[in-house]
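J.: What follows is a structure written as structure tokens; I'll ask about it next.
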Amino acid sequence: MSNFTYTSAFNLSDNSPFNPAIGSSSSSSSALVVASDDDNNTDDACSICLEPFTLQDPSTVTSCKHEYHLQCIIEWSQRSKECPICWQLFVLRDPASQELLAAVEKERLLKTRNISSSSPISIHHSHDDFHSEEEESQFSSFDEQFLRHLTEAAHRRCLLRRRDGQISSSLVSSSDPTTIHPTDLVNLYRLSAISHVEHQNSNPCPSPGSMTPSPVSGHSSIPADSNNGSRISPGPSPSRSSQSPKSPEASSLPEAIKSKLAAASAKYKESISKSKQGLKEKLLARNNSVKELSKGVQREMNAGIAGVARMIERMDFSSKRFGGSAHVSTSTATASGFNFSFKGKRVEANSKSNNNGDKTEPQKLQGGETC
């Protein structure tokens, strides 16, 4: 058989990977390549969502040379306008992306304005990303409301001053201040309503020139009626001359009400004082009756005590009269072994033995005498 040589097949050339020197170098180089690939992958990932960039979702470069997804930048701009790495303002190099970011911010501002205008209570946001435009709009609306309240308060103050001047200028009182008719109250309400409407139609603060009285013609435009009070004829413009005849009647009505209230209060005070006096008299009468009853009871008690004393005295006299017979009865009773003595209403029985030969002691009566 022929000899086959395998030297060519098993010859390890310098470029063969099975060479130990070359194998070690190739493994180290592959490790470096993998590490560099990992670094590139981390560098090519978005810092907000930590996901790599793809062809469908490419990276968007900012002015600070940081790359993010466009959607991540839009979502981040809802919270802050600064870069999350270097804290600089978001400025995109791509003009189309920058326009899209600006449009999103404008839309967000419009939504916040609509929400703040629709809700009656202002919403306090917890974030610090308030824009100057939003703050200016809020301050302007607050200023408008404040000025509106001020103008309304000034208008009301002018109305009150004008009404007080009309009431204080008149010093005419009604003919009978103690009586108030329902028609007077109706006229008062009518006057107040008409004056309020006229003041609303006129300027809130009248000028001094408009307050000057105009000449009045011979025919009076306000006829007086005994039953209905005063009637007001409608005029084209409210003036001081047309309102001056109203003021005496308008002022006389409050004065009449005050006088009526004063008279009623005086009557109430008198009735209260009279009722107090009646109560005091009743209490005194009851006390006198009780005293008389107590005196009668004392008299009866004294009479009873006197009767009892007389009865006791009679008993004493009767015991004195029958003193001898009582002694005889006691001597006879000793023979049988018992001794009876009478002392008022009390009877004492004492037994004594005859064998000892004791002598009977004389018993004392209530009056202090011995029998």
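Heads up, the Cβ atoms here are built off N, Cα and C, so glycines get one too.
Just lifted these from Swiss-Prot, have a look:
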{"type": "ZN_FING", "residues": "46-87", "note": "zinc finger"}
{"type": "REGION", "residues": "199-254", "note": "region 'Disordered'"}
{"type": "COMPBIAS", "residues": "200-225", "note": "compositional bias 'Polar residues'"}
{"type": "COMPBIAS", "residues": "226-252", "note": "compositional bias 'Low complexity'"}
{"type": "REGION", "residues": "348-371", "note": "region 'Disordered'"}
J.: Helix, strand, coil: count each for the residues of the zinc finger (46-87), based on DSSP.
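T.: Looking at the zinc finger (46-87) with DSSP, the answer is 8 helix, 9 strand, 25 coil.
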J.: Grab the pLDDT values for the zinc finger (46-87) and give me their mean, rounded.
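T.: Here the predicted model's pLDDT, averaged over the zinc finger (46-87), is 81.
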